[in-house]
Amino acid sequence: MPNYDVIVIGSGPGGYVCAIRCAQLGLKTACVEGRDTLGGTCLNVGCIPSKALLHASHLVHENDHNFEEMGIKTASAKIDWKKMLDYKDGVIGANTKGVEFLFKKNKIDWLKGWGSIPAAGKVQVGDDVHEAKHIIIASGSDAASIPGAEVEIDEKIVVTSTGALELPKIPKKMVVVGGGVIGLELGSVYKRLGSDVTVIEFMDGITPGADGEVARNFQKILKKQGLEIITGAAVSRVETLKTKAKVSYKLRKDDSEHQIDADVVLCATGRVPHTEGLGLDKLGVKVSKRGQIEVDAQYRTNVPGIYAIGDVIDGPMLAHKAEDEGGAVAEMIAGQKPHIDYNLIPGVIYTTPEVASVGATEEQLKEAGRAYKVGKFNFMGNGRAKAMMQAEGFVKIIADKESDRILGAHIIGPVAGEMIHEICVAMEFGASAEDLARTCHAHPTTSEAVREAAMACGDGPIHA
Ligand code: FAD
């Protein structure tokens, strides 16, 4: 008789949500975690610590740039970096302890240590072998190295996001390799704290894959904030020289070679699935060329009784995607029939302004040959955004040309990451732009800009 119904390997947002949902559904559950604290990348070295530093550095920026105009007299902000890191660590601790509390509350055993799967139905942690009817791999991801470049990460001078969240001091000069979400968020943090930040991106623009119009505007805004952004550049080498590093790159347009010095180089060129030490080879679990565990629509691997979710499988590497899969696989094991609509997973960049999107981009619709219309509304026409001194950006809603059904939405502006959910819900229910436009929105809110963008898909907004 197995001692568990379910053993989850990894306690990130995929694993811990899965474990809690399994327990709620009456399954005897354990979760294996090798870190000292629960919560995975997200709570320990990802979403949560980065948002703590983004919040604190945003306030520094507000103090130094907007307070005076609002009639608030303060001295220029002085940064006590150690204290800021303590604050960030406190936020991490409160969240990881929260998951520990939820495990106890739901009677989930935390099997402490690194787990492997010696055979289907068995999980080994240290010398102990546990048995389970179902094993769920939620082992997450690690930072990727810079493709095609010679780089040695020491997490001091040449760092991944993990090192960037605990630098001993604020660097004078930082180079960020990779103009994606993580690079831009952490680059913004250090820019606001006084570093000179240069972002080097291989593609011709930042945030590849985002709606082109949003990405172009975002790049302009970040440049205005003082971030230097070099696009179309391939980094070939990052050399560490005692207390500094030298980054060599080639501009793709003319093959010219360049070098740039930095106190810290942040490598933020994406993440790769973490499967090391699980024993997948011996088990015969299929893994794709990109290192992702292959699963079917029910998150089953090719080996019966073994499932995988989150960053370790295909799809956007996002905490909420991992969470939804964690819930879904638990419900499937319990005999329910959950469904995740992968078209409705929002993506958010937590800079100022925030960037949020859901559904199709214009580029995707053009490629698919689908007839669409666009409704746009600028935050300059939104009273609340102006009062917040954050009237940069716009809401863009894309709807089917004939049926008016919403196909996608892209926001760049204040609290975009909160506003996007109204559109996610609308899309979940198959709403038209007119449905949103006819829904009363409280005044004055930034969400009124969503309504006006929806109106712009029809007869036109009021305030533009
Ligand atoms: P993870 O969170 O990576 O957790 C996996 C866990 O499994 C780890 O704790 C690991 O120690 C453990 N583990 C692995 N192998 C074993 C083993 N053999 N035995 C025991 N334990 C094991 N996403 C967002 O949605 N929003 C954000 O704002 C955001 N910000 C981010 C900022 C940064 C700097 C980074 C790096 C990532 C960010 N992400 C964000 C991405 C997000 O963190 C991941 O998508 C998410 O954590 C994936 O969850 P997961 O459960 O699949 O894996």
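Cβ atoms here come from the backbone N, Cα and C positions, even for glycine.
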Recorded NAD(+) site member, picked from GLY113, GLY115, GLY270, GLY277, that accompanies GLY178, GLY179, GLY180, VAL181, ILE182, GLY183, LEU184, GLU185, GLU201 in TrEMBL: GLY270
Listed recorded positions with Cβ under 6 Å from ligand 1, out of CYS42, LEU184, ASP311, LEU318, ALA319, HIS320: CYS42, ASP311, LEU318, ALA319, HIS320
Residue, out of the binding-site residues GLY115, GLY178, GLY180, whose Cβ gathers the largest set of other Cβ atoms within 10 Å: GLY115
Local backbone state of GLY180 (NAD(+) binding site), from DSSP in three classes: coil
Which of LYS51, HIS320, HIS443, the listed recorded positions, has fewest other Cβ atoms within 10 Å: HIS443
C-beta crowding around ALA319 (FAD binding site), within 10 angstroms: 20
Inter-residue C-alpha distance, LEU184 (NAD(+) binding site) and LYS51 (FAD binding site) (nearest angstrom): 12
Surrounding CB atoms that lie within 10 Å of the CB of CYS42 (disulfide bond), all protein chains: 25
CYS47, ILE182, LEU184, MET317, LEU318 as recorded positions, winner by CB count within 10 A: LEU184
